[in-house]
Amino acid sequence: MLRSAAIGTAGNIGMNNVNDLSRFARAVEQGKDNYEEKSSIAQRKLSRLRNYSVISDGSAGADSDDEDGRGGVGITSLLGRVVTEGLRHIHQPDRRIRLNVSGLKFETKESLLFRYPQTLLGNSEKRAEFYCPDSDDFFFDRHRPSFEAIFRYYQTGKLIRPSSVPVDVFVDEMRFFRLGSDIISTYLESEGFIFPKPIRESDMPPEGHRRTIWRLMDFPESSIFAKIITLMCVIVIFVSIFVFCMETLPDYRDQEVLIGHDNSTNTTAIERATQSSFFQIETFCVAWFCIELGLRFYACPKKLVFIKDLLNIFDFVAIVPYFVTLPLIIANVSIPGNSIVFSLLRTMRLTRVFRIMKLSRHFKELQTLMKTVRASIGVLGMMVFFMLTMMVLYASCVFFADMDAPDTFFESIPDAFWWALVTMTTIGYGDAYPRTLAGKLIGSMCVITGLLVIALPVPIIVENFNNFYKRDKNMHIAEESVMEKSAIDESIRNFWNNVKKRCACSWVGRRLGRAGRRVQRFWSGENGDLHALDNYGENHVSSASRKRSKRRRQSLASSSLIELDHETVVSVISSDI
């Protein structure tokens, strides 16, 4: 009704000339007192209306002389359309807004939507694009269950995704309604998503070979050569682990030089060490690991962060045993097999098994498992504490139950610890077992207790694993949200680069034209190439001038459009009433 009244008012005015247009402007000014809120936007648009009356003086007079009166009708229809558009910008705090989302209707106060003015619903200009005049509501052909949660966000300020809505669908709806990157990021963090931090220029090595090495070693997706290097690293790791396991077989154990054997000479020890196939393969693998670690350390932008990285510590520990053992082999140092130094060296050689941790750098699944263990460390600690408590309890009980039994397996309480532990974990090796009836009853209770202690924290650990696994699989959703600003910055940079190129081309064209004209002054235009050069410069400059003139005319045309806001529209209606 309001819209039809506004259009009727504009039509009844019937402005066939500039005087009618001026009276319409005065009527608009008189109706301003009917509203307490007076925005600066309305005043600017009203001044545009006055400017239009001055600019279109000649055209309005010409149209008024038309026999059919088509000029007046055109202006009336134009103002009617402007009044209709102005109705969309009425800001009444208690005005009710009707929303239609794929047939599901909502009704709320406009002041509720104004709590978030940067969103689609909170901004009247953005929301006006979806206004449906036939049903007097705003229609959105979007996902209905997701909008229920978004609408509840306007009411309560809390954003909760319905359990039946997938994460990617819900994020798409939040982007459509322009809730903002901060709200989307906060929601994704609450869902457990990890946001990859965008790499800043300060976090990257300087341009040159260092940045190239850094991309090849740390970013397998950057190029085909980086993928080849990653594949070779994985192959070398598997070969190193294979050699570590195979050299312990009895058939190949003679090829290994064991420190502590003093029945060989220095020459024999060196020859056995250098001629061993396992030693040669190990030397190649260690050389590869050293080169890899050295290049990554050389190319990394932050050395301190590189040193503190746990995976880099594993890489360093895995190659230390080789450089500790090699000088001892070459020097033929004789160390007794029962000494502490010999045990220490053998334990150090065991650290070669840490090379398997290097695979986690190239396999995301291993990283997911490590994250799960790290997140479940509290639950695992609680389970270990309960296991130790129950182990001591049942070991004490079974010891006293079988104390007087002949051929008992439990000579003391510590001897029963092993039995209690394997019984609670339901392994039951059978190497030790109770012989009395009381001991067997205690063993049965130990099994049931072990099932409860182990089963209770397992769902929590599994849930953590599922969360991390799902988080890694849906990482692209978070990446799109994080990279949205980067894409905007990239487009802005491309825009300015294009502007610079065009300016450079224009500058070159002007220079060429000037140079051509200067040469013509001396040669009187006899050289055809000079004519072509001069014409090229003039044509380029004239083309650029025509483009600038066209843009200037478009900006003037857009600035002279008549747009009325809520104050102007209501003033016209009130003056008519």
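Cβ from N, Cα, C; glycine included.
Summarising the annotation, TrEMBL assigns domain 'BTB' to 95-194.
According to TrEMBL, the feature transmembrane segment maps to 224-244 (among others).
What TrEMBL records for 278-298 (among others) is transmembrane segment. Outside the transmembrane segment (278-298), and at least 6 residues removed from its termini, the chain residues within Cβ reach (under 8 Å) are 210, 213-214, 217-218, 233, 236, 239-240, 243, 246-247, 252, 255-257, 306, 312, 315-316, 318-319, 322-323, 355.
Tertiary neighbourhood of the transmembrane segment (375-396): same-chain residues 410, 413-414, 416-417, 419-421, 423-424, 442-443, 445-446, 449-450, 453-454, 456-457, 460-461, 464, 468, selected by CB-CB distance under 8 Å and a gap of 6+ residues from either end. The transmembrane segment feature in TrEMBL is assigned to 375-396 (among others).
Outside the transmembrane segment (416-434) by six or more residues, the chain places 387, 390-392, 394-396, 398-399, 401-402, 405, 409-410, 440, 442-443, 446-447, 449-451, 453-454 with a CB less than 8 A from a CB of the stretch. For 416-434 (among others), the entry in TrEMBL reads transmembrane segment.
Proximity of distant same-chain residues to the transmembrane segment (441-462), defined by a Cβ-Cβ separation under 8 Å and at least 6 residues beyond the stretch ends, is recorded for 372, 376, 379-380, 382-383, 386-387, 390, 394, 397-398, 401, 420, 423-426, 433-434. Summarising the annotation, TrEMBL assigns transmembrane segment to 441-462 (among others).
Outside the transmembrane segment (224-244) by six or more residues, the chain places 215-217, 278, 281-282, 285, 288-289, 292, 352-353, 355-356, 358-359, 362 with a CB less than 8 A from a CB of the stretch. Computed over the domain 'BTB' (95-194), the whole-number mean pLDDT of the model equals 88.
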